[in-house]
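What follows is a set of notes on a single structure, which appears directly below.
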Amino acid sequence: SLMQFETLIMKIAGRSGIWYYGSYGCYCGAGGQGRPQDASDRCCFVHDCCYGKVTGCDPKLDVYTYTEENGAIVCGGDDPCKKQICECDKDAAICFRDNIDTYDNKYWFFPAKNCQEESEPC
């Protein structure tokens, strides 16, 4: 679920996903189009693509299970669809963490009119 995604971003990247990525670049937040503006925005693009491959459950609403083992998030549970959502969220949170140094405030609340370039395929 999106609330779990927020929790994973806090645990892994150490910052609020809603605050920092809720409306960032061309892909972070609702929707997405155009060309990712930087590495952090690309994390959101890849996350959107990952959610797009999920079938049989709702990535934004369905709750998944995970554990923390030696500081790492381990996705679990018996439902392969929900496990896939967890992996999408975990990978995005790791991507945010690994690209924190590229985060640029100029892409915060970036106008959609600046995201008109042709989108690349997933």
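Glycine is no exception: its Cβ is also placed from the backbone N, Cα and C atoms.
Here Swiss-Prot flags H47, D89 as active site, drawing on similarity to another entry. Sequence annotations record features per position, and here Swiss-Prot assigns Ca(2+) binding site to Y27, G29, G31, D48. Annotation comment: Swiss-Prot describes C26-C115, C28-C44, C43-C95, C49-C122, C50-C88, C57-C81, C75-C86 as disulfide bond, evidence class similarity to another entry.
Swiss-Prot feature annotations superimposed on the structure.
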residue : record              : Cβ contacts under 8 Å, 6 or more apart
Y27     : Ca(2+) binding site : P36, D41, R42, C44, F45, H47, D48
C28     : disulfide bond      : Y21, G22, S40, D41, C43, C44
G29     : Ca(2+) binding site : Y21, G22, S23, C44
C49     : disulfide bond      : C122
C50     : disulfide bond      : Q84, E87, C88, D91, A92
C57     : disulfide bond      : D79, C81, K82, I85
C95     : disulfide bond      : A39, S40, R42, C43, V46, H47
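Those residues of the chain, other than Y27, G29, G31, D48, with a C-beta within 8 angstroms of the mean position of the Ca(2+) site C-beta atoms are C26, C28, A30, G32, Q33, C44, F45. Across the structure, C75 (disulfide bond) and D89 (active site) place their CA atoms 10 angstrom apart. With a cut-off of 8 Å between CB atoms and residues at least 6 apart in sequence, the same chain places Q4, Y64, T65, Y66, I73, C75, G76, G77 near C86 (disulfide bond), listed in sequence order. The most crowded of the disulfide-bonded residues listed here (C43, C44, C122) is C43, judged by how many other CB atoms sit within 10 Å of its own CB.
A C-beta separation below 8 Å, combined with a sequence spacing of at least six in one chain, links C26 (disulfide bond) to G32, Q33, G34, R35, P36, Q37, D41, F45, F110, A112, N114, C115.
Between the alpha carbons (Cα) of G31 (Ca(2+) binding site) and D89 (active site) lies a span of roughly 16 Å. Sequence-distant neighbours of D89 (active site) (same chain, 6+ apart, CB under 8 A from its CB) are Q4, F5, L8, H47.
The Cβ of C75 (disulfide bond) has 19 neighbouring Cβ atoms from other residues within 10 Å, across all protein chains displayed. Taking each of the disulfide-bonded residues C81, C88, C115 in turn and counting other Cβ atoms within 10 Å of its Cβ gives the largest count for C88. DSSP assigns C26 (disulfide bond) to coil in the three-state reduction, placing it in neither a helix nor a strand.
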